[in-house]
Protein chains: 4
Amino acid sequence: MANSRFEYVRTFERENILLPQTHIVIRVDGRGFHKFSDFYEFEKPNDKLALEIINKSALKLMQSIPDIIMAFGDSDEYSFLLKKDCELFERREFKLITTFASTFSAYYQFYWNQLNHSKPLDIDRLPTFDARAIVYPNNINVIDYFSWRQADCHINNLYNTTFWTLVSKGGMSTKEAENRLIGTLSADKNEILFTEFGINYNNEPEQYKKGTIYVREVVDFPLEKYNENPSEITLNRILKRFKKTEIKEYNCDIIKEKFWNDRPYLFR
Amino acid sequence: MANSRFEYVRTFERENILLPQTHIVIRVDGRGFHKFSDFYEFEKPNDKLALEIINKSALKLMQSIPDIIMAFGDSDEYSFLLKKDCELFERREFKLITTFASTFSAYYQFYWNQLNHSKPLDIDRLPTFDARAIVYPNNINVIDYFSWRQADCHINNLYNTTFWTLVSKGGMSTKEAENRLIGTLSADKNEILFTEFGINYNNEPEQYKKGTIYVREVVDFPLEKYNENPSEITLNRILKRFKKTEIKEYNCDIIKEKFWNDRPYLFR
Amino acid sequence: MANSRFEYVRTFERENILLPQTHIVIRVDGRGFHKFSDFYEFEKPNDKLALEIINKSALKLMQSIPDIIMAFGDSDEYSFLLKKDCELFERREFKLITTFASTFSAYYQFYWNQLNHSKPLDIDRLPTFDARAIVYPNNINVIDYFSWRQADCHINNLYNTTFWTLVSKGGMSTKEAENRLIGTLSADKNEILFTEFGINYNNEPEQYKKGTIYVREVVDFPLEKYNENPSEITLNRILKRFKKTEIKEYNCDIIKEKFWNDRPYLFR
Amino acid sequence: MANSRFEYVRTFERENILLPQTHIVIRVDGRGFHKFSDFYEFEKPNDKLALEIINKSALKLMQSIPDIIMAFGDSDEYSFLLKKDCELFERREFKLITTFASTFSAYYQFYWNQLNHSKPLDIDRLPTFDARAIVYPNNINVIDYFSWRQADCHINNLYNTTFWTLVSKGGMSTKEAENRLIGTLSADKNEILFTEFGINYNNEPEQYKKGTIYVREVVDFPLEKYNENPSEITLNRILKRFKKTEIKEYNCDIIKEKFWNDRPYLFR
């Protein structure tokens, strides 16, 4: 064939197959969303409509890729958990991460247009996302990963809530607010909100404090019949009988064990 | 800090830094574009407007990322050449490929909407692209890479042109046309087009036969003063004086050496 | 400093850190041992002294690297299991595998000289070993890995025993013996040995049929007090109290679960 | 076959193929040679016999692996350059580095025994080496790599020569000598040697100052007929006619360009 003398160039291709039998997490992350949110005049500290757009994008991705069994997101990022025996793209890393980045960006633009955020998208300010894959060998790592992201959400939201309250209600410049918060602990920020502005941070919306969780739940999973830590063989036997699944949305605590104990099938 | 006991999960992250001083090629490739082109009723064998959309996307990407010095594309794919000393994202592979995949998809959707192709995009049929990076240690590999893609473009276009002529002008079903072409060589397809349909393949549009090339050309580069293969030091010295660049579009032959000899700065 | 302008060459170094919290197996494998065993006139099918040399080398390696908790070997290969939380060389793959290859080769040459095998080593026929690392995310994979190697040992030994019996007692040439065994199953080989030569394969030495196992056993581990599958936290708590270990040698079955159930600490 | 149900464990194996058309350098490095040289009472700053042992090992390795075209070593390390189109072990990294580590260690032990260094080897103090591979895309990187190692040799030897002179001739303790040298530049050390001990460092043996170089030289290579930087095609055409090679030993300067200009075939 005419191109055969050039085809040797394919031998320079390299690819990474994600280790079998590990839990794959793929995290997509908005590129330059600080400037993006300024340009499109996001409400601070949280823009309800922008969160709806990113949540819908995550949900749609989860609906279109059955191997995703859980998602957690806040601000401009989302983490997706794939089941341990996932064989999507034969676990080829480049295919997985570029497909997630591309598809998530596509949904985001689509929903942005559909939901009519602030103004039409500008070609020089399109929403884009990078993506990375991480593999975890065991359940505890997975729980800790999502705990890490939820703790991060909390810390950022407390900071942002206090910062923007100082600005919008306290009349500070952003520079002044920034300086005011240097070196403060969580307790200090709670105190500022409560004492100076009468805001009880605990009463802030759960979505902002805890992020958004989507779980592909097994309908009627007979949890009570099994101990909370079934062996893999037992679990797979159960799941063969309880195949029906449903994606549910939560804004609950995923750092506490209960969330995970109630859903052993997340570690299938 | 509250999340520190979880932060160990970051030690599971792995990343690949592309080897320094190698030419990076990133190829984006449409995902499921066979179905996509059916769904949006692309003209066959080539859809002029769809090509305009993908070309505009590639050009826009090249304008927004100065490290891209050349691009070649046809059908639903595009290859981008980055300069050898590119330090974009510190050459971190995951950042590069997911950013290319995401941004290219974003441009494509944007231009699709702007140019009003056949019908509005359907949420279940959005245009998405995967992306991979390949590194090449020397100039010859780079020339051979692009030659490989252009030869591939030619082979596919000759096949598609013959196939769709058999269908649209020859009254064959797609199955019949497929069978007719099994085992045929290029010469046979040229002959079918010419004898049976009076079509001289050589007269087909250059864009379809050769694909589209964008080159970031150095304005007034004094080629005549230097041999065609300047040393790297010489080349960099010249380029310091001739900094002005301009992106040009071509549909020319890039398999022949002339294209490359005329533009030694592509190997900087 | 004088060499600083060259030091950039270090940026081309790449290294792979083995994924944390996975079980590392390192397998060393004799290079060209077919020719090696011919040259030094090994007894066939098993050379008792050569096995003693390789076993002593494996045992010595295990004594010098406490992170090795188990080893299995036969013929010219040995597999070493490192504990899951091993931090030797910060899990850098190149350090681990080249150190194992180098050290194992060094011990082998040393013991060869000490035990006076057939003849002094020839500079052009020194014993050398390559080495590779594989990581496994869970216990079952580890059990299956060692089962794979023991099954392989059995298959090879049955073949070799039959082959060399055909040659030494059956008067066949090696070519004739090879042809005789093409397409035979295990049952066929057992039958040949028994019917034609009165040899009951089951009575062959366990070492030859099962290979050699070294285990770093926890002295007085209170197995009866715990179920066979203690959680990691429980296991580590126990191991803090039972720290004394002892390397034991076996030629037993490691495909059956009992071996592993009796030693849950192998999965620490 | 009996072991097939376990064989899936092979899918966990990963390997790295070194990028084609790059120069491969493999560096072996003594493990714990500081203690090793104390234990076997090496002469300081340079042990002539130990250098002979490591040099013979390097030469022997080069003789047994034709793909090695150059080697440079000093102290307890050696770097080997493989030709660019080397296909040894299909460029599989683990095979290359573990084979080099293992074989080099085997030669070292062999020659140690043969040349009767200080005392017989102790099982707990065997000479072992780790090994790493680095790939370089172009000639300049290769020159800079070896320049880096030679500059390092010089710096270390000047330090060690001064240090041990202060101890052996100056009557200092090692601690005192160490303190004396803190913060000194090369010029200072030269001065100490000359003024205090009448030693002109320039007159020290070239082997100690420059290290040892082995080159697989092309016999009768017609250098004068070609410019110093022949194209790859020209070079390969020449080399087809001048196939005869010979390994030569040097202690010359490899930082200056002349060494490389005289031997363009090192970059084949």
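The backbone N, Cα and C atoms fix where each Cβ goes, glycine too.
Source: prediction; values computed, not measured.
Annotation source TrEMBL lists GTP binding site at B:Asp29, B:Gly30, B:Arg31, B:Gly32, B:Phe33, B:His34, B:Ser75, B:Asp76. Annotated Mg(2+) 1 binding site per TrEMBL: B:Asp29, B:Gly30, B:Asp76, in sequence order. Per TrEMBL, Mg(2+) 2 binding site is recorded for B:Asp29, B:Asp76. Taken from TrEMBL, the feature domain 'tRNAHis guanylyltransferase catalytic' applies to B:6-137. If you look up TrEMBL, you'll see B:141-256 marked as domain 'Thg1 C-terminal'.
Structural mapping of features recorded in TrEMBL.
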| residue | record | Cβ neighbours (10 Å) |
| --- | --- | --- |
| B:Asp29 | GTP binding site | 17 |
| B:Gly30 | GTP binding site | 22 |
| B:Arg31 | GTP binding site | 21 |
| B:Gly32 | GTP binding site | 12 |
| B:Phe33 | GTP binding site | 19 |
| B:His34 | GTP binding site | 10 |
| B:Ser75 | GTP binding site | 22 |
| B:Asp76 | GTP binding site | 20 |
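In this structure, B:Asp29 (GTP binding site) is part of a beta strand by DSSP. For the binding site of GTP, formed by B:Asp29, B:Gly30, B:Arg31, B:Gly32, B:Phe33, B:His34, B:Ser75, B:Asp76 according to the record, the largest Cα to Cα distance is 12 Å, rounded to a whole number. Taking the centre of the Cβ atoms of B:Asp29, B:Gly30, B:Arg31, B:Gly32, B:Phe33, B:His34, B:Ser75, B:Asp76 as the GTP site, the nearby residues of that chain (Cβ within 8 Å, site residues left out) are B:Phe36, B:Ser37, B:Glu77, B:Phe129. In sequence order, the binding-site residues near chain A (CB to CB under 8 A) are B:Arg31, out of B:Gly30, B:Arg31, B:Gly32. Secondary structure from DSSP puts B:His34 (GTP binding site) in a helix. Along the domain 'Thg1 C-terminal' (B:141-256), the predicted structure has mean pLDDT 94.
For the domain 'Thg1 C-terminal' (B:141-256), the number of residues in each DSSP class (helix H, G, I; strand E, B; coil) is 69 helix, 13 strand, 34 coil.
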